[in-house]
Every structure is written in C-alpha cells, then in structure tokens.
Amino acid sequence: MAAISSPKGIGAIAVIRVSGTLSWEIVRKILAKSVEVEPRKVYHNFVIDKDGQVVDEVMVVFYKAPNSYTGEDMVEIMCHGGFVVSEMILELLINNGARLAGPGEFTKRAFLNGKMDLTKAEAVKQIIEATSRHAVKAISQNLTSRFYQMVKQLREDVLNLLAHLEVEFDYPDDVFIERGYLLKMAEDVLSKVEKLLSNAENRLAVSSGIKVVIVGKPNVGKSSLLNALAKEEKAIVTEIPGTTRDLIEVPITIDGINFTLVDTAGIRTSNDKVEQIGIERAIKACGKADLILFVVDATTELDENDMRILELIKDKRYLVVINKIDARDFVDREKIKQILKTNTHVLTVSALKKEGIEEVEKQIVNSVKDVILSTDGYVTTHRQYEHLLECKRNLVKAFESLKNSVELDMVAEDLRSALKQLDLLTGESYTEDLIDKIFKEFCVGK
C-alpha cells in the first residue's frame, strides 16, 4: 500500500510512504539508479516514468521488517513539495503494483503487528489534530506508552487477585486465604484504577474543547454573543424570539485553549411542542457544561424566566453576561446583581457592536483555570474513559462481594469482567468493528 503522508500544498518536501512485503520491489521499478539497499540508510536517486523521463530528484529510505513504523518492510520517498510531483510519484507506484492506502492504514498495521497498543494509536491521531498547546501537553505522554504500561501492570494485579481466588475455590480443603488479605488486594487494585481515572474529565475537556454553554430566555442575544466570540456569523440572529431551536456547537480557541461554544434555545414557559424540545435540550446541555454564560437583557427587567434559569444553573460554574448595553435605556448592572443574589462575575457587553467581548474571553479562561491545570493523568479519549469506568464498576462489585462474604466464584466473575475491559482498552482484545471505527477517523498516509 502507498500514500502521501505529508500535507498537500506548497512546501520544501513531500513524503510518500509504501508498506508491505513487496514495497522495495515496487519502489525500485520507478528509480533511475539501481541500488543495493541497506535498511535505515538514505539514498539519493531520481524517480522516472515509464518512458524514462525524470519526474523528480528524491531521497529514499528503506526500513526492514519488523524495524519500521508498520512492522512490515517499508519505504519512504522524500520528493520536492507541491501539489503535483508527489501525486505523480504516487500514481507511478500504483501503476507498478501498489494500492492506495486507506485512512489510518499505516497505523492500523502498526497496531495489528504489535508495534503499538490502542492508547498510543489514539495519541498519534490526537497529536496530529491538536489545536492548542494545552491539548498537546495532555496527549503527548501517551506517545511514550506509559499509559499502556500502567494498564498492563493493573491487569497483572487483577490476574494475581483472581489467581488467589481460583486456588481457594479449586482446593477448598487444602487452601484457605483470609478474606482480609483478599480485601486488601482488591482495595489496592481499585485504588490504582481510581488514580488512572483522576482528572480524566478535565483531560477530556482540554483535549476535545472545554464546553461553554450559552443560556438565557428568548431574544436576549445568545446567538449574537456566540457570533461575537466565534468572530464570525455561526448562528442566525433575528428579532423574533425563539429562533434557535437546536443546539449550535462552535469550536473556538482563546489564549491557546480549546473551547466548544454551545448556543441553546431560549428557556421560557411555552406551549409550542417544537420549542419545548429545544428548551429540554438546552436544559440537558447545562448539565453537561464546564461553564455556563447566563445572558440577560439590559433593556428589560428580570422576570420569572430569568429566575428559573438561575435556579437551574445555581450549582454550576457560570458567568452572568448583561447584553445590549448599547441601548439607550438599560437596567443598572448592580441592580441586576442584587436581584440575582449572585457572587459570580457580572459582565456587560454589546454583542451586536462587539463591545466587552475581550473581558468575556478573559473571564471564560479565568473561570476554568482549575480544569486547565488539573490535567495530570493519561486518559485522553471517551473510549478509554468508559472502559476504565466499567472496569472500576466491576472491581467495586468484587470488593463489595468479598466484604459481604459472597461466593468466590461470583467475585471471580466480576474480576474477569474487569480484565475484559482492560483488554478492550489497550487492544489486547478487540473487534473488527472497533478497529475500523478508530482508524477510519485518521488521515490518509498515517
């Protein structure tokens, strides 16, 4: 298989990858000079077409299996960058027996050939797609396989506990192990899982975008605020209340930190069934928010809808944003603060005129500093998080069963379920559907 692994466009160098048993045999057909190749040495050559015409001057490196990225024989051709040359070389390779690689197929082969586990494969994809320094920091340590080693050790600990149980119920007359000893082993294993899960939600938020949900009653300027923060028109803005019905999600970056803005339907009492669905979605979005921007209208007195929203979000992290301060008549900020009885930051903006937006951005960052700073750990995908969480649930069941003197074979079953989750996490156990789902999201050439 072959693919261009560098980005398309003008640049100094482009890289074409070829992997498989016949990779060198295919590549040598398009080279002008015959070479007795040695692994990991760089060779100067020229790529020629079927008529012997030079296409480009190149550097070529051969990697002998298993000492390559994919674990197979592999060749990298480095040609001049640009839109055309690399495509011409790829076409020559395909005409001489290679096939075009699918998305993520090089990394998929690396996984299948034991060159990396699934956590490292996911880190490869995430580091390529990272759009902030904080995301890189949260992801990069998984490239070292440290997470895999920790999960592997955890698996050994669970197996050790399981072995103690199986010895006792296989030889009940010869072996007796104190329940207290087994409980201590189970407690230690559970503690290790909890350590791996610590800060996981913060790491996921930083990697994928800290969720900032914009709420308020209809026509207070939520969509205008989203557009102002996004620096472009992402949401429809009209004077008609209730225009926004579905959630609108927009990724933005502030001070190198990824955020996902979520515009929601205006929350109010309504008999409109479609609007009610939008309101329900807005309420659910608040429950999943890392931060809420509660938008109120500076031109009107607060009403029962505003107070209902405040009641909804009072236990969440939120900022109050008073919008429309460019209007001639607006309600005093201190008065609004007194009515809301809140100690949180109350900001004033004109979303339409982009006034006060920089202060909103500043306070958004300040409000989630603890999320940004609490990113120690290893979990970087929801898939990893769910498997660890399910592992923990099974270990908790095993621990409680041991404590309550439940039959040991029931405890063992919970431990086996925990092991299964760890194997799915690292890829020791997998289904074709899972592997296809993970790697099809990669770019071609990686």
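Note: Cβ is positioned from N, Cα and C throughout, glycine not excepted.
Quick look at what TrEMBL lists:
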- Arg17, Glu76, Lys115, Lys446: (6S)-5-formyl-5,6,7,8-tetrahydrofolate binding site (BINDING)
- Asn219, Thr238, Ile240, Thr243: K(+) binding site (BINDING)
- 219-224, 238-244, 263-266: GTP binding site (BINDING)
- Ser223, Thr244: Mg(2+) binding site (BINDING)
- 209-369: domain 'TrmE-type G' (DOMAIN)
Rounding to whole Å, the Cα atoms of Lys222 (GTP binding site) and Lys446 ((6S)-5-formyl-5,6,7,8-tetrahydrofolate binding site) are apart by 40
In this structure, the one of the binding-site residues Lys115, Lys222, Lys446 whose CB has the fewest other CB atoms within 10 Å is Lys115
Record-listed (6S)-5-formyl-5,6,7,8-tetrahydrofolate binders Arg17, Glu76, Lys115, Lys446 have a maximum CA to CA distance, in Å, of 18
Of the binding-site residues Asn219, Ser223, Ala265, the one whose Cα sits nearest to the Cα of Arg17 ((6S)-5-formyl-5,6,7,8-tetrahydrofolate binding site) is Ser223
Cα-Cα, Asn219 (K(+) binding site) versus Lys115 ((6S)-5-formyl-5,6,7,8-tetrahydrofolate binding site), nearest Å, comes out at 55
By a three-class reduction of DSSP, Arg17 ((6S)-5-formyl-5,6,7,8-tetrahydrofolate binding site) is assigned strand
Across Asn219, Ser223, listed as binding-site residues, the smallest other-CB tally within 10 A is for Asn219
Binding-site residues considered: Glu76, Ala265; fewest surrounding Cβ atoms within 10 Å belongs to Glu76
Across every protein chain in view, the count of C-beta atoms other than its own within 10 A of the C-beta of Arg17 ((6S)-5-formyl-5,6,7,8-tetrahydrofolate binding site) is 25
Smallest Cα-Cα separation from Ala265 (GTP binding site) among the binding-site residues Glu76, Ser223, Lys446 is shown by Ser223
Expressed in Å to no decimal places, the gap between the Cα atoms of Lys115 ((6S)-5-formyl-5,6,7,8-tetrahydrofolate binding site) and Ser223 (Mg(2+) binding site) is 47
Same-chain, non-site residues whose Cβ lies within 8 A of the Arg17, Glu76, Lys115, Lys446 Cβ center for (6S)-5-formyl-5,6,7,8-tetrahydrofolate are Ser5, Ser19, Ser68, Tyr69, Thr70, Met74, Phe106, Thr107, Ala110, Gly445
